[in-house]
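All remarks here apply to the structure that follows.
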């Protein structure tokens, strides 16, 4: 039987086998030499000097070095050849194959389009259909404000009251993350009234990775039998902004109904980078309501100009307009780098780096709390550090003065997320040492 991979155990085994102190700079350097992805750091521009560390890939990923060439090439084609120099009509398709590997689905189940919140609205038009019996939406707390605004406005659009329709599941008293059993119990208890479950794959504040498969399974089991008909279970949808490119996903196999994500975090496609959607192929031939546009029209008939809509089968049918070529170019640049590794390598390194960082912080016995779950199955790259004994803005300013880039999420969390592509174990060591330096002042 193959031994289960546990990142912290692997680190301890390496330290013992090679006789290197687990929380030493020598061990960090050893891990960097062993790293099968170390060469990929050269694929990115690092906006820090040689002593600086960028740990904010969960907020904005870094720029791939090939991006400038790709964008300038498209601008040159536009300048010199206009649209005859490029098949721009199919430009949105060039990223789909690599994205399908990252998301664990077929190409027909995904589309690259719009922004994340816009896509959530389009998907909720199809998948939030409140009835007298089923009208509630289950979300986690804390919810990302943009998602909450979209959900609330969708409810109001149906002339319903958000306070009566939103179930916002909160952690237990004196806890920071949701217990998986509490999520399943909530679905079991309220499922007959829940129309839609719309969770984040990873919570933006705590870094908690939810069990997408089990939540989806629990949602779909809530079938209602009436005298006249059988009503399908709750719809399971996910905001995967902090998952895509960070953790392993198998959306088709998990039977997820729909999902949306942005691409400017772990996918490194630039500020405001283009979003994407997933719609499970089981919905391909269901008569779902949707807001349509001509780019969702079957390609073979799109330019017939006959005003007879023939939607593309799959997620592509949700496209409204042709996407910006430059936005697609930014995402394509990143996809070319993703092709040089695997999601298995990426996810393994994310877990090893965040585990190493956790061990270092615990070794220093710093007066802060890591609220991100310990288990590998419940997190990705991000660690969320709860700061209660000092002014969080002063701590953040100190980190910036030491050339460390991370971010603050109010009221009192500092988020750090080492990226498998461009961060090193030495970066983690430097960050933890700098935290220790700050608290040793007092």
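Placement of Cβ uses the backbone N, Cα and C atoms for every residue, glycine included.
Values in this document were obtained by computation on a predicted structure and should not be read as measured data.
With a 10 A radius on its CB, residue 242 (pyridoxal 5'-phosphate binding site) counts 27 other CB atoms from all the protein chains. Here TrEMBL flags 116, 117, 144, 145, 146, 147, 200, 239, 242, 264, 294, 322 as pyridoxal 5'-phosphate binding site.
Summarising the annotation, TrEMBL assigns N6-(pyridoxal phosphate)lysine to 265. Around residue 265 (N6-(pyridoxal phosphate)lysine), the same-chain residues at least 6 positions away in sequence with a Cβ under 8 Å from its Cβ are 57, 58, 59, 60, 61, 241, 242, 244, 245, 246.
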Item to complete: Take the Cβ of residue 116 (pyridoxal 5'-phosphate binding site) and count every other Cβ within 10 Å, whichever protein chain it belongs to.
Response: 24
Worksheet item: Given the binding-site residues 144, 294, and counting only Cβ atoms in the protein chains shown, which has the most within 10 Å of its Cβ?
Response: 144
Discussion item. Let's check the environment of residue 146 (pyridoxal 5'-phosphate binding site): how many other CB atoms sit within 10 Å of its CB?
Written reply: 16
Item to complete: Taking the residues 116, 117, 144, 145, 146, 147, 200, 239, 242, 264, 294, 322, which the record names as binding pyridoxal 5'-phosphate, find the longest CA to CA distance and state it in Å to the nearest whole number.
Response: 31
